[in-house]
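These notes are about the structure you will find just below.
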């Protein structure tokens with residue numbers, strides 16, 4: 001009887017293990033391998049870390065090449081790079097919308113709109129199966145944001161898994177994730193041509209200047225991102241993970257007078273405090289007469305892009321974000337593609 005009972009429990013345990021295995025297997029999401037990757041630099045021609053890196057990799061790309069995929073470094077706005085200015089006619093990082101991408105090419109079409117169409121032709125078309133799998137778009141900011149990753153889609157399991165990998169690889173150095181998904185804030189970014197768009201925003205660095213520490217931080221982020229892709233393509237499974245993100249909620253302008261002129265500047269206690277909590281009553285701005293303008297809000301927010309030089313023309317002093325958690329599913333490269341690659 002004891003032998004039968006032991007055998008029965010052993011059988012039940014084996015059945016349980018089989019059930020557990022099948023449940024675990026069923027929860028894994030198969031994703032196609034990432035074979036075509038682009039690295040964009042010079043989307044803004046005066047943000048020089050990406051410009052320097054892309055030019056270097058175009059001459060010597062050994063460090064960005066990975067087995068089983070094509071990695072293409074690409075200078076997105078060469079005219080602006082040559083003049084070391086943000087753009088020539090309009091912001092290239094805001095014109096990848098259907099209207100501009102489908103606009104008829106005429107003689108007076110803005111240079112960046114024409115360039116967007118060229119980029120969409122090479123790396124897209126945007127939203128199609130033929131589009132590049134992944135684009136890293138390299139940017140600098142004058143704000144004290146450190147090495148920041150920008151996420152466009154909160155449901156993109158692959159990119160969230162990549163960010164989780166990059167953050168762990170860089171630890172204990174901080175690597176915030178900014179989620180720019182918002183119903184009323186549309187960006188139409190250059191990188192949005194790809195199936196998986198990745199923004200890399202590193203600062204503080206003045207525009208038109210390149211700093212070795214900032215460039216090195218950007219270089220490491222790209223390296224770890226490419227390492228993740230290679231591991232994924234080779235069949236490494238990535239179990240469910242959770243990351244903290246800062247979700248954009250609103251853009252905040254400077255105080256202005258009736259002539260639309262800025263009349264107050266970022267308060268010293270807010271300056272350089274990207275990603276730090278801002279509570280009701282904390283100072284935001286100060287006028288030249290010494291008047292302090294405080295934050296009035298019911299909840300704690302986390303400002304970033306604080307006092308970004310390029311955003312004065314966009315009427316943006318900073319953006320407010322809230323903290324949230326995003327969880328990505330268990331992913332692996334699809335078996336069919338692995339066996340045929």
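Backbone N, Cα and C define each Cβ position, glycine as well.
Residues or ranges marked as domain 'Succinylglutamate desuccinylase/Aspartoacylase catalytic' in TrEMBL: 34-228. Annotated Zn(2+) binding site per TrEMBL: 44, 47, 139, in sequence order. Annotation comment: TrEMBL describes 86, 201, 311 as N-acetyl-L-aspartate binding site. According to TrEMBL, the substrate binding site annotation covers 93, 94, 187, 188, 189, 190, 191. Per TrEMBL, the feature active site, proton donor/acceptor maps to 201. For 242-320, the entry in TrEMBL reads domain 'AstE/AspA barrel-sandwich hybrid'.
Everything TrEMBL records as a feature, shown here on the structure.
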| residue | record | Cβ contacts under 8 Å, 6 or more apart |
| --- | --- | --- |
| 44 | Zn(2+) binding site | 77, 80, 86, 87, 91, 92, 93, 139, 140, 207, 310 |
| 47 | Zn(2+) binding site | 86, 138, 139, 140, 141, 205, 207 |
| 94 | substrate binding site | 187, 188, 189 |
| 190 | substrate binding site | 40, 43, 76, 92, 93, 96, 116, 119, 135, 137 |
| 191 | substrate binding site | 40, 135, 136, 137, 152, 197, 198, 199 |
| 201 | N-acetyl-L-aspartate binding site | 139, 140, 141, 145, 148, 149, 150, 178 |
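Across the domain 'AstE/AspA barrel-sandwich hybrid' (242-320), DSSP helix (H, G, I), strand (E, B) and coil residues number 3 helix, 30 strand, 46 coil. Listed in sequence order, 305, 317 are the same-chain residues at least 6 apart in sequence whose CB falls under 8 Å from the CB of residue 311 (N-acetyl-L-aspartate binding site).
As a whole-number mean, the pLDDT of the domain 'AstE/AspA barrel-sandwich hybrid' (242-320) in this prediction is 96. When the Cα positions of 86, 201, 311 are compared pair by pair, the longest gap among these N-acetyl-L-aspartate-binding residues is 15 Å. In this structure, the binding-site residues 86, 139 were compared by how many other Cβ atoms lie within 10 Å of their Cβ, and the smallest count belongs to 86.
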